[in-house]
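Chemist: One structure, pasted below without further comment.
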Amino acid sequence: MDCMSLPRLILTLGDPAGIGPEVVLKALAEPGLASICQLTAIGSRSVLDQTRRQLLAQNPGLNLADPETINLLEVDLSYLGKITVGQGDAVSGAISFAYLNEAITRTLAGEFDAIVTAPIAKSAWQAAGHNYPGQTEVLAHRAGVESFAMAFVGRSPFTGWTLRTLLATTHIPLKEVPQALTPQLMTAKLELLLTCLAQDFGISNPSVAIAGLNPHSGEEGKLGSEEQDWLIPWLEQARKKYPQAQLIGPIPPDTMWVGPGKAWLTDGQTTVSDAYLALYHDQGLIPVKLLAFDQAINTTIGLPFVRTSPDHGTAFDIAGQGIARADSLIAAIKLAAELVEQRCRPRAQ
């Protein structure tokens with residue numbers, strides 16, 4: 001990491017059949033980004049040229065970057081076949097997979113400090129023979145890390161308060177969640193979260209709210225036994241192991257998000273925690289997307305470099321129409337630059 005210059009970010013195009021190229025062109029036209037980072041896109045100039053021509057033909061007033069003038073690492077994969085806008089397939093999956101891997105290779109080689117990824121389609125990856133659950137798992141595999149997690153960060157445009165949420169489990173069926181949750185898993189995720197808060201946000205003595213699994217956190221075993229069986233005992237041990245953190249919970253899931261809702265919408269000074277640890281995908285992401293859909297950013301913690309991405313998908317249904325919003329991608333770029341800057345600051349002891 002080069003702490004003597006502006007953060008060096010590499011931005012992938014994501015699936016070229018989705019809204020990735022559109023939101024990348026819109027983000028690169030955003031004034032002010034050049035003052036906070038050195039931003040390089042990685043992908044195919046032909047894809048960006050075609051996207052720009054198509055969008056401007058529909059709406060000449062769109063503010064789009066010119067592919068001929070942006071910093072671009074060319075990865076020409078046109079030989080793989082034709083891209084059909086709005087339709088993810090084996091061709092678009094192979095291309096987006098190649099974009100990501102080239103970005104990882106360059107970052108691991110020290111050319112960049114952070115990767116910002118536009119969205120991909122898991123179905124397109126699978127059609128191309130790449131059977132990863134998502135970009136997060138590819139990043140972890142290529143970086144050689146076994147302990148990693150998905151965290152979501154959003155800053156309220158109303159109050160300035162920042163919501164930080166980590167998922168203990170991610171893309172697994174709901175019926176598998178109780179078996180996947182173990183004290184060992186929770187310890188690993190909590191350690192990642194505490195490291196992230198200290199390293200990336202400068203919060204060395206955080207408060208962390210931890211959700212229960214069952215309605216009313218099991219209501220003393222009447223609505224589920226996981227809290228009594230292991231979650232409460234685990235929390236008691238965790239409080240001893242991590243005295244620097246205030247660990248609150250297990251909190252009934254239906255009330256854990258009341259404080260964040262108030263802090264996000266009306267009162268940034270209300271009583272809230274520095275971070276929220278949700279036990280499964282929808283428990284954490286329904287409130288995140290309800291409050292912060294256009295501002296929420298996915299960041300992978302546990303990697304040796306910064307990675308962020310917008311918290312939305314490829315949106316094939318609106319690709320090529322010029323109506324995709326770049327807010328989340330712009331926020332992802334800004335957050336990546338902030339996290340790189342934070343990692344360059346001396347850590348408080």
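Numbering starts at 1 and runs along the chain as displayed.
Just so it is clear, glycine is given a Cβ too, placed from its N, Cα and C backbone atoms.
OK, Swiss-Prot features for this one:
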BINDING   T136, K289, N298, R307  substrate binding site
BINDING   H171, H216, H281  divalent metal cation binding site
Chemist: Any idea what DSSP makes of H171 (divalent metal cation binding site), helix, strand or coil?
Modeler: coil
Chemist: Name the one residue among T136, K289, N298, R307 whose Cα is closest in three-dimensional space to that of H216 (divalent metal cation binding site); these are the binding-site residues.
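Modeler: In terms of Cα distance, H216 (divalent metal cation binding site) lies closest to K289.
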Chemist: Mind giving me a neighbour count for R307 (substrate binding site)? Other Cβ atoms within 10 Å of its Cβ, every protein chain shown.
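Modeler: For R307 (substrate binding site), the 10 Å Cβ neighbour count is 26.
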Chemist: Where among the binding-site residues T136, N298 do you find the Cβ with the fewest other Cβ atoms within 10 Å?
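Modeler: Least crowded of the binding-site residues T136, N298, by Cβ count within 10 Å, is T136.
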Chemist: Compute the C-alpha separation of R307 (substrate binding site) from H171 (divalent metal cation binding site), stating it in Å without decimals.
Modeler: 18
Chemist: Could you say whether, by DSSP, R307 (substrate binding site) belongs to a helix, a strand or a coil region?
Modeler: strand
Chemist: Pick the one among the binding-site residues H171, H216, H281, K289 whose Cβ has the fewest other Cβ atoms within 10 Å in this structure.
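Modeler: It is H171 that, of the binding-site residues H171, H216, H281, K289, has the fewest other Cβ atoms within 10 Å.
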Chemist: Where the distance is taken from Cα to Cα, which of the binding-site residues T136, K289, N298 turns out closest to H171 (divalent metal cation binding site)?
Modeler: T136
Chemist: Express the distance between the Cα positions of T136 (substrate binding site) and H281 (divalent metal cation binding site) as a whole number of Å.
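Modeler: Taking the Cα atoms only, T136 (substrate binding site) lies 14 Å from H281 (divalent metal cation binding site).
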Chemist: In Å, rounded, how far does the Cα of H281 (divalent metal cation binding site) sit from the Cα of K289 (substrate binding site)?
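Modeler: Between the alpha carbons of H281 (divalent metal cation binding site) and K289 (substrate binding site) there are 12 Å.
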Chemist: What span in Å does the substrate site cover, taken as the longest CA to CA distance among T136, K289, N298, R307?
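Modeler: Answer in Å: the longest Cα-Cα distance is 19.
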